[in-house]
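Copied over from Swiss-Prot, here are the features:
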- Arg21, Gln22, Ala23, Gly24, Arg25, Asp71, Tyr148, Ser203, His316: substrate binding site (BINDING)
- Asp71: site 'Transition state stabilizer' (SITE)
Amino acid sequence: MIFVDACFKKSTPYTPVWMMRQAGRYLPEYMEVRASAGDFLSLCKDYKKASEVTLQPVDILGVDAAIIFSDILVVPLEMGMDLKFEKGEGPVFSNPIKTKEDLERLDVEKSIKNLSYVYDALALTREKLAHDKALIGFCGSPWTIATYMIEGGGSKNYAKCKKLVYQNPEFLHQILSKLTLALKHYIQEQIKAGANAVQIFDSWASALEEEMFFEFSFKYMLEIADFIKEKYPHIPVILFPKGVSGFLDNINGNFDVFGVDWSTPLELAKEKLGAKYTLQGNMEPCRLYDKKAIEVGVDKILNIMQDSAHIFNLGHGILPDIPVENAKYFIKLVQEKSKK
């Protein structure tokens, strides 16, 4: 698989390319399946439909990897939290974690069993996916998932979480440790079901100052990565901590690919991390609105990464109103222009 080879810094005939959120609302085919499922969570829980939308970008765009269709918050949901996706508001937990009793009620073992719809979707997708295409499993980072569990949803300033960082770090570490335990086994089950690589999304890494990022976020991601690499050395682990361009000097650990977001200069990431890791990213997603902007972005990134291990991706998820034609153009352009 060209994608897995690139993760391990092996030479590839061209630069493999996929997009975060590639199974998403910009695709009319996705919207059809989502409408038939009823709502977002029902789509996540229907393994046949989740598999169908996972495969759509491979068939329609020709990306080199599929990423399983799911959500990072299905883990706390199946641990016993009450999750709803409110229109215009995003995810909402009606019972956020406030006390040790709240935390004790969450059941790690039950969640691993209850998440069988994700493993079933992976198994079905791997069966249907072409042999040369990789299937990526994923989870959120413990820190990013915890922000939703503690705040009760998305947040502008993460005040409740950050209050714990400084006022009651011991309790926050207990929450993160419990989540880390669940995520290790969740990812292990994804690999058993057929995932060829795994990505850990730390979407809210940038909410923390440097010292606290390494204590409350990065440390736990590495714990998951270590667990996976020890058991499955042939499975690449991708870390994607968003907005940490100022912390790159201290990024180090047992993983294979570092995801670079669009706000981080790729030259900087290459200088600091390119020798150790394959870099993934990092085109500005809004370049996809315009074909000329796509060409300029692709040329610039391929030029920077021409002598380094690289997986092409956006620096964040594709937006819902991007024309499908432009997404196709982007994928084909990367594959053509990067031919060795």
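Even glycines carry a Cβ here, placed using N, Cα and C.
These figures come from a predicted structure and were not determined experimentally.
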- Query: Any idea which of the binding-site residues Arg21, Arg25, His316 has the thinnest Cβ neighbourhood at 10 Å?
  - Reply: Arg25
- Query: Under a criterion of Cβ-Cβ distance under 8 Å and sequence separation of at least 6, what residues of the same chain contact Ala23 (substrate binding site)?
  - Reply: Tyr30, Val53, Thr54, Gln56, Pro57, Ala66, Ile67, Phe69
- Note on the structure: The binding-site residues listed are Arg21, Arg25, Tyr148, His316; by CA-CA distance, the one closest to Asp71 (site 'Transition state stabilizer') is Arg21
- Task: Run through the Cβ atoms and count how many others sit within 10 Å of the one on Tyr148 (substrate binding site).
- Result: 26
- Query: So, in DSSP terms, is Tyr148 (substrate binding site) helix, strand, or coil?
  - Reply: helix
- Whole-number Å value of the largest CA-CA distance among Arg21, Gln22, Ala23, Gly24, Arg25, Asp71, Tyr148, Ser203, His316, listed as substrate-binding: 23
- Cβ packing number for Asp71 (site 'Transition state stabilizer'), 10 Å threshold: 17
